[in-house]
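The block underneath contains the structure these notes are about, expressed in structure tokens.
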Amino acid sequence: MQKSPLVKASVISKLFFSWTRPILKKGYRKRLEVSDIYQVPSADSADNLSEELEREWDRELASKKNPKLINALRRCFLWRFIFYGILLYLGEVTKAVQPLLLGRIIASYDPDNKEERSIAIYLAIGLCLLFIVRTLLLHPAIFGLQHIGMQMRIAMFSLIYKKTLKLSSRVLDKISIGQLVSLLSNNLNKFDEGLALAHFVWIAPLQVTLLMGLLWDLLQASAFCGLAVLIVLALFQAWLGKMMMKYRDQRAGKINERLVITSEMIENIQSVKAYCWEEAMEKMIENLRQTELKLTRKAAYMRYFNSAAFFFSGFFVVFLSVLPYAFLQGIILRKIFTTISFCIVLRMAITRQFPGAVQTWYDSLGAINKIQDFLQKQEYKTLEYNLTTTEVVMENVTAFWEEQGFGELLEKAKLNNNNRKISNGDNKLFFSNFSLLGSPVLKDINFKIEKGQLLAVAGSTGAGKTSLLMMILGELEPSEGKIKHSGRVSFCSQFSWIMPGTIKENIIFGVSYDEYRYRSVIKACQLEEDISKFAEKDNIVLGEGGITLSGGQRARISLARAVYKDADLYLLDSPFGYLDVLTEKQIFESCVCKLMANKTRILVTSKMEHLKKADKILILHEGSSYFYGTFSELQNLRPDFSSKLMGYDSFDQFSAERRNSILTETLRRFSLEGDPSVSFNETKKQSFKQTGEFGEKRKNSILNSINSIRKFSIVPKTPLQISGIEEDSDDPVERRLSLVPDSEQSDGLLLRSNVIHTGPTFQGSRRQSVLNLITHSVNQGQSFRRTTTAPSRKMSLAPQASLTEMDIYSRRLSQDSSLEINEEINEEDLKECFFDDVENIPTVTTWNTYLRYITVHKSLILVLIWCLIIFLAEVAASLVVLWLLKNNTPQQEMNSTQSGNRSYPVIITNTSFYYIFYIYVGVADTLLALGLFRGLPLVHTLITVSKILHHKMLRSVLQAPMSTLNALKAGGILNRFSKDIAILDDLLPLTIFDFIQLLLIVIGAIAVVSVLQPYIFLATVPVIAAFIMLRAYFLHTSQQLKQLESEGRSPIFTHLVTSLKGLWTLRAFGRQPYFETLFHKALNLHTANWFLYLSTLRWFQMRIEMIFVIFFIAVTFISILTTGEGQGSVGIILTLAMNIMSTLQWAVNSSIDVDSLMRSVSRVFKFIDMPEEGAPVKSIKPSRDDQLSKVMIIENQHVKKDDIWPSGGQMIVKDLTAKYVDGGIAILENISFSISPGQRVGLLGRTGSGKSTLLSAFLRLLNTEGEIQIDGVSWDSTPLQQWRKAFGVIPQKVFIFSGTFRKNLDPFGQWSDQEIWKVADEVGLRSVIEQFPGKLDFVLVDGGYVLSHGHKQLMCLARSVLSKAKILLLDEPSAHLDPITYQIIRRTIKQAFADCTVILCEHRIEAMLECQRFLVIEENKVRQYDSIQKLLSEKSLFRQAISSSDRLKLFPHRNSSKHKSRSQITALKEETEEEVQETRL
């Protein structure tokens, strides 16, 4: 970044904002980059501002029992705020003085007032000077107030972030992500521009008092008639505003419903295409869109009338002020035109400035109170450690999480349940396990490990393993007992947290660099091969949570970070969840057992190999110590521990009834037990009321950016970013984000891809806490890159789940004193980590975009023509009256009084021509502004255009190839459907209407003035030319600065979410100072762009006003010097010239707003123009009597129409090559093999070898070459969707969209309830569905969070059974399953797909043993394709991975022992990253 010219700018340069000329010139000539932006002045840097405010806030906390944040702000900013307020007041006072001088100028043309004619020129000079003074006062004052607002926002941004890093985990569980993001977006954004209006809360009343005094002097009591009209108008506008909010509130729920479904569609677009659900999703979203648009139109009409009422009110105010006085006493022209000028100022003060100021204070004080409450929340406590201690000891440790009483929770749950539309017939479903809430997470834990020992912690789901580690870290505070260790701790979370930066920075993490240690860690964690594949090696920048890495790569980087730190105690929480068997084995031996052999280690695991090599084993069960000792002691004392804890061995021996009972209990335990708020309907915010049954089931919220996993319901989510965020300020437990934009300002729409987009979160019954985000895991198999995007709540932050054992903890770990923190931050790395891709659209909206927008709907052209006809008719009528006026010079009749008294022209008889003219012009302007015959059709048609564009964009996204979608960020896609569609619905129609109406008013006024005085037209031409050139010059730069500012906003929210996700790691490593510095860096980048945008905008506004001042000076002197005795002409010319000044500037701003908003149209068109992957084949809806398989009939020249395809499931793959993008690197090369009908094939290979990619290639989701045949039919001769229907899919990332069970199983409505129940019974879902009220009509929300991951897998299995697919693709189906559901799936696949071809990608050896053949993929190619016997007889990956015990299972005849073995200790299921263990949900 360059040094800002502001530092050395002169006073004159600062006054006229001339220091911004270099950036304006550069932006006009070329596209601006971040490097072109000026550095933030030191006075605006986040470090300095936050330090000052933090110092004053600490002072406030120390000195008072009830500290007030506003007092700290007052001490920091008050005097400058007062100074700029005085300047603003002086500038506004000039508006009241101008009409007085105008009246004197008109009076000087009185034929009997010759003595004043000589001073008319001086009065004109004085009037012009007032305009100059106002310009020099108002612009610095407005900019100064905006600058103060910006500084206040920056300081509070930083204060909130620092506080967030200090909050106890217990508090974090009670604060929603929505509340945090709202504090940093909605609330604080009000300060930047709103502060400029704050002073009008006292300026406007003073101004009204002054103006009414002057009007009293002119019209006596009649002046109050005009005031009464303005008050009535203000009340009418308030009523319209209330009605508008009513419709917007009703619409908010519908918008969120649509955005939730859209977000789920985008997040799971690969699954949507695999299931061929494009048509179903399109219909579902369009139905919601129709209901939303009805309310959108009503809200738009209310706002339209509000806007129109302001314009036409001017005539009535003047008319009702003057008319009584004229009837009673007669009136002179001077008083008429002076009254007009006074009323213009009065109307602005009463209807715009004062209400705006009151709203600003209301919003600002509310935001300050929210921030004040947040800053006073409980912080985590620093634990005391003994640095000389070498052992780790726990003595009689017990810990609780929940502080809230059980009775209160139960009452809330019952109340929520009673409020549901579908009654719950079995309340036990929601309340059966609430008694566990009062139970401790850990009970009476005792153990002692010496230096250098390895403690393996095992246990079932929810046993308390992670809680144990959190206790050692200090995040969970023990209620009894004591913990003893040195405090020098390193921690590896099971959540594979990756911070923005390079691989090397992620591993070193601020610790001093040691080359030998670094290389040793890389080697031990098996990262050498992965790093060597990157061109930048370990300096490759990982953005957005490392989403471009595989799950295994992220897990190994997280482990390497923990191992690299030199600590006394290493806490490793299930670090091997996403590693293949071979890699896991190598890392455990080389890293855990060798590299860290002399260190104390606590490893959470359930693998038998790990338990055997541990020095001590601690097995937890329901929070208690089930066993503590060595492995040999475990074999002797607890030989049945595996079946005791997991229910694994005995499951197949249970009866069908017993299995159903176990499955039902699994649903309760895994889905509902831990979260007391599972069935709570939190209080809905008044402004976001839901309508309809579907809306009753959820929160009005969608967080476009981060999904976390539900406790026990283990489903990986990919973060999206969203725009627009609302929050309930009254209820601290409220979990709500909203994408509903503030229709009053385009900047109010934040998405935040970047929010940070994120996935959807319904306003449902589950708690959306920050802790959910900490326990969130990014989907490991997703190929998208997710983010949140900026300009309007781009940020997509949405935790989608709770956790289990990651309870809420309230203590901090002391910072490691040995850390050498490196605070250097590379700006390019920061940009690469955080920024969105630069939009490939022109810096200024092209005429082609306008033309294309106008021609979307043919009615729009007709409406615009109709508007033009009305305008021409009004102008023609005005010109006719002017012609009559010019050709019928009135003879003025005088009201003569006694001699010595002066006479004044009174409005009677012929003189009333002027008065009649003014009435006519007022009526014409009223029709022009109100536009009843023009405005309503225009607004209505523009909303229809928005509807058409949304439909086209939705269809385009659904039909776009995955290669195109993979190149886009999901947050960016969601922003098109949220922020941009909101702009097309709300802002663009009314902004276009305002611009057209203002432009026509200005053109009409110029026409009138030019007819009265043709010389003025000569002055108008250069003014218009200057305006057009200046606008074009400014737009090139301003739009680029706005885009850079929008991109710069994303890092702020992304960094907040990143920090929260890794908060436990941050605290364990003591990296809070580094992340505060990183946050300030991101904040300064945004400030640099925003400050420069405000400065250039003020430069432009000032230049526009200077041009208008010159124009007014020219008009004034031309009219004075060329007009004869006509008072009327001078009055009309000067009054309209003053009106032109204000209206034209408003029109200029509107034109800039239109151009800015039209960029959303450009982005939508860009999505509409995406390529299509193939014409969709309409789904065939069979009759109820048809067999299920009849749906697979295809129209193809190779198959007879009476035949059914596929019939056997034979697959022949020839030279298959796959690429993510066309022309990219091949990720699979020359794959060839064949599969016989009904054969089971297992895919083998290391993490990232391409197993999941091969399954995607089968579905034609990638760019592929080669050929695949199914039962002799080639994919080249088969329609794309029909080809995909041949496959049944159980993906690694399960897709449950928001809707009923029936809709999720049968989105097209093809099957009867009887058929659905039959399939549900086959896959073991019947007992699950029957537990819910409404059964098949129960509405699932938030990705089906009330279901465990296993039940979601069963849903996918049921879909495949319903489709009667002959080929089943399974991608890690058991990755996140409890053993019970895993057995159900294994049994169902054996039975339901006994005659089908099955292709399985799996990490569990026992599942792979059932396959007849194995395809070994290595380095993107097929290395082996053979039977299991052949692979075991050769040296292969499979032989290295399989254990001797598994070989005995395969070949039992090789075991000479004939006796029946007793209960064996079998491998406990390894709990993966998503299997968050928690005893409280």
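For all residues, glycine too, the Cβ spot is worked out from N, Cα and C.
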| field | N-linked glycosylation site: annotated position in Swiss-Prot, out of Asn386, Asn681, Asn901 | value | Asn901
| field | Shared topological domain relative to the membrane, Ala155 and Leu1121, Swiss-Prot | value | no
| field | Three-state secondary structure, which DSSP defines for Gly459 (ATP 1 binding site) | value | strand
| field | Long-range neighbours of the topological domain 'Extracellular' (217-222), counting only residues six or more past its ends (CB under 8 A) | value | 321-325, 328, 335, 338-339, 342
| said: Let me make sure I understand the structure: which of the recorded positions listed (Ala463, Cys525, Cys1396) has the fewest other Cβ atoms within 10 A of its Cβ? | reply: Cys1396
| remark: Secondary structure split (DSSP) over the topological domain 'Extracellular' (320-339) reads 17 helix, 0 strand, 3 coil
| Could you state the CA-to-CA distance between Lys465 (ATP 1 binding site) and Cys525 (S-palmitoyl cysteine) to the nearest Å? | 23
| message | Is it possible to list how many residues within the topological domain 'Extracellular' (217-222) are helical, extended or coil according to DSSP? | response | 6 helix, 0 strand, 0 coil
| query | If you count Cβ atoms within 10 Å of the Cβ of Gln494 (ATP 1 binding site), leaving out that atom itself, what do you get? | reply | 28
| Any idea what the Cα distance is from Gln494 (ATP 1 binding site) over to Cys1396 (S-palmitoyl cysteine), rounded to a whole Å? | 36
| Rounded mean pLDDT for the residues that make up the topological domain 'Extracellular' (320-339) | 75
| message | Using the alpha carbons only, what distance in Å do you get between Ala463 (ATP 1 binding site) and Cys1396 (S-palmitoyl cysteine) once rounded? | response | 39
| query | Could you state the CA-to-CA distance between Cys525 (S-palmitoyl cysteine) and Gly459 (ATP 1 binding site) to the nearest Å? | reply | 25
